[in-house]
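Student: Below you will find the structure I want to go over with you.
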């Protein structure tokens, strides 16, 4: 280091100052002038030194005379000469070299950890000495901790401990920081470039098909991008340039592990087994948590994650963290995977994936995952509305930018298909919005509660009492305890079917549904925290909605799609990778509208059992034990009234089935089509009731106020059964009946009330449910018809005794018949209603371009404790109950074995998009 400093730089000082080289003191041949310079303060000496030299003297003689003279001033002159030389050297250094030396010591650039000395130092000792150069930290220390270039680092001397390089040779070495080109070479970063529509994949040599990257930002609430998008330039550009949905609906419960595993399997938690971050399996007698070794037991993981699908079909996968990816599922790990370690820097994860993308073709994965814990971690700690969450959002936006810049460096930014996604949203917690069951139950020592917004309850003594515990008694004890109660206890088979949270032994038989922002625990000591962020609530709540952005050559450019569920993403990724999906809960083809070139063309399922005829019979009229009001128009001549011509039947079909007849996909049921003037039915001769009934209500249709509760007419097209008689239901406190097509509906001025009073239009119905059914038909149906300019209605019974969301087989139904009054009767578990209208309310249901739907799957219960109806008017709770139990058309199809809209002309993929839509409402904000 000495050679660089001014103190040891005499030779460089001479070069810097001109006077020492050119002055007389350096010229030994000009002795007189030299002496004069050495003794300028002595007049006599000066005079003698300036006297002309006697050129006639020989040098030797002159020298001899000088030696003998021994002038005493000689030593003074020599001293002065030496002083002048030293002074000249110093001045030369100061005035001639000062700029050069100062320039060297102001910066550590090129000097990091070298033991040189100067005005400032750049070795490790400078910190203790307090004389580090001003840029020591940025130039020498930060490169060990940061993954990017900045102006301090551009052109740096290569440092062995830096995470990436910004030196001039980094491109040759292949270790440049991701942003080297934009920061140090003036090129534009990915986010600075304009949007471009990538019509065809533009891939480097060796990439036969575009790779797919699934990138999760845990806990990224959909609303974050709506509110803070201006602070998130990279994600906002992906949204603008790619395919985006304002909300992606997670699965219930809205927790991390269940949702991440649903995304990669296309299955609901009840199907793939990961029903929560914490759970107990009574058959395994084992408990699962994210911090236990049990997490690595493959027995917990059902279904087929996409890296297993890829492996089966000859593709490779690389996962840098994803729930389940570090577990040997079906005997398979991803080809490259990392054991989860939350301390691994985000940048290291991104660089690893970029390095995997550079592997040789035969080693390189086709499918990749990335996972970041933010903004979930900050949301939990500080709440969703906090400066810390904003910082976390900006941080992950920078990470996405790092990825995109890295892809650009590899020329993969027009090749790779990116899915940027999150698992769920985030809600603000409050200690005042926590419910404790010990307040209601007293002694709770024998009870275990999994706390949170989707709480569950089981006995402490497991597995012995897991199945025999009195869950129903506790549910009854906790129902309707307070006005405006913010939680509802549910036996799991009564939960809204849209949640798909029942068919698993890992889901305790007793669960709790909570209002937005509310949580539940056994007592205050059993919950972790109450005032920070949380998630897990109903998956339709606005603050639980998740992020989805698709970008790359496989996705459409610059579109915003309607909300869809994350179970659809598995099929989407399979399409991007040209894989055949494993069986799953998604609807393959429902996201075709996101893709530029869909590879899968869906088709309507075929009806597996043809319709049979229900001919008129000449059986004698039977006494049904009914008492009809004389004002009701009776059916005098049944055959005349219902023996319709082909032309009449065509008109009726057009008016009652404008979108086609529901196809029956149940293999065993014998179904015949019954046509009436105002409605049509698909009647099952096996279960003695209609599977469906369809009719249309116009905006101006009138409804009668007549009471039809004890009036039936025999339908001579169907053999009469005791369950079709009024006498069977009279004074029966357990069960009554209801009409599928409402007798109150009067579409003609002359009135044809009696058609809806046929024995083939009734279904067994609990009296408590009749309250809901009547209010819907008398009040809500008219309201919806007015709001939507008419609606088509299809309704019918549901049988889901094993609560798996699928229609039960006829064999199972035979085992579920109940005996009432010595007569077998099959009582539905639910009833469904499908309302279809036009998106454009200036159109009528019979002439729709684009359809709008609203469907319900209503639990058929013996009481209305779910709604705490005591002292309430029907108007205050029935519609709220319907909205809680709304469902997708797809959910209705699965649970009934029916298929809708098969006669619509638009592509089947558009029909599937309609069927998988679930309406949302403002009260869930």
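Cβ from N, Cα, C; glycine included.
Quick caveat, the model's predicted, so the values are computed rather than measured.
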Student: Check Swiss-Prot: it lists 256, 277, 295, 340, 424, 535 as binding CMP. Then name which of 376, 461, 464, 505 it lists for that same site.
Tutor: 376
Student: What does Swiss-Prot list, out of 218, 397, 562, as binding the same AMP as 256, 277, 295, 340, 376, 424, 535?
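Tutor: Same AMP site in Swiss-Prot: 218.
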Student: Labelled motif 'Di-leucine motif' by Swiss-Prot, one stretch among 29-36, 37-44, 45-52. Can you tell me which?
Tutor: 45-52
Student: Have a look at 77-97, 98-118 and point to the one annotated transmembrane segment in Swiss-Prot.
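Tutor: Comparing 77-97, 98-118 with Swiss-Prot, transmembrane segment matches 77-97.
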Student: In Å, rounded, how far does the Cα of residue 848 (disulfide bond) sit from the Cα of residue 256 (GMP binding site)?
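Tutor: Between the alpha carbons of residue 848 (disulfide bond) and residue 256 (GMP binding site) there are 41 Å.
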Student: I want to verify one value. Collapsing DSSP to three states, which class is residue 176 (disulfide bond)?
Tutor: strand
Student: What is the separation, in Å, between the Cα atoms of residue 628 (disulfide bond) and residue 256 (GMP binding site)?
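Tutor: Rounded to the nearest whole number, the Cα-Cα distance is 59 Å.
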Student: Using a 10 Å radius around its CB, how many other CB atoms surround residue 628 (disulfide bond)?
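Tutor: The answer is 18.
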Student: Among 256, 277, the binding-site residues in question, whose Cβ has the most other Cβ atoms within 10 Å in this structure?
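Tutor: The largest 10 Å Cβ neighbour count belongs to 256.
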Student: With DSSP, how much of the domain 'SMB 1' (104-144) is helix, how much strand and how much coil, in residues?
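Tutor: For the domain 'SMB 1' (104-144), the helix, strand and coil counts are 16 helix, 2 strand, 23 coil.
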Student: For the topological domain 'Cytoplasmic' (1-76), would you mind checking the mean pLDDT of the predicted model?
Tutor: 39
Student: Give me the CA-CA distance between residue 295 (GMP binding site) and residue 176 (disulfide bond), in Å, as a whole number.
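Tutor: Residue 176 (disulfide bond) has its Cα 38 Å from the Cα of residue 295 (GMP binding site).
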Student: Among the disulfide-bonded residues 140, 176, 431, 626, 726, point out the residue whose Cβ has the most other Cβ atoms within 10 Å, with all shown protein chains included in the count.
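Tutor: Result for the most crowded candidate: 140.
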Student: List the same-chain residues at least 6 positions away in sequence whose Cβ sits under 8 Å from the Cβ of residue 376 (GMP binding site), in sequence order, or say none.
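Tutor: Same-chain residues close to residue 376 (GMP binding site) (Cβ under 8 Å, separated by 6 or more) are 218, 219, 220, 256, 426.
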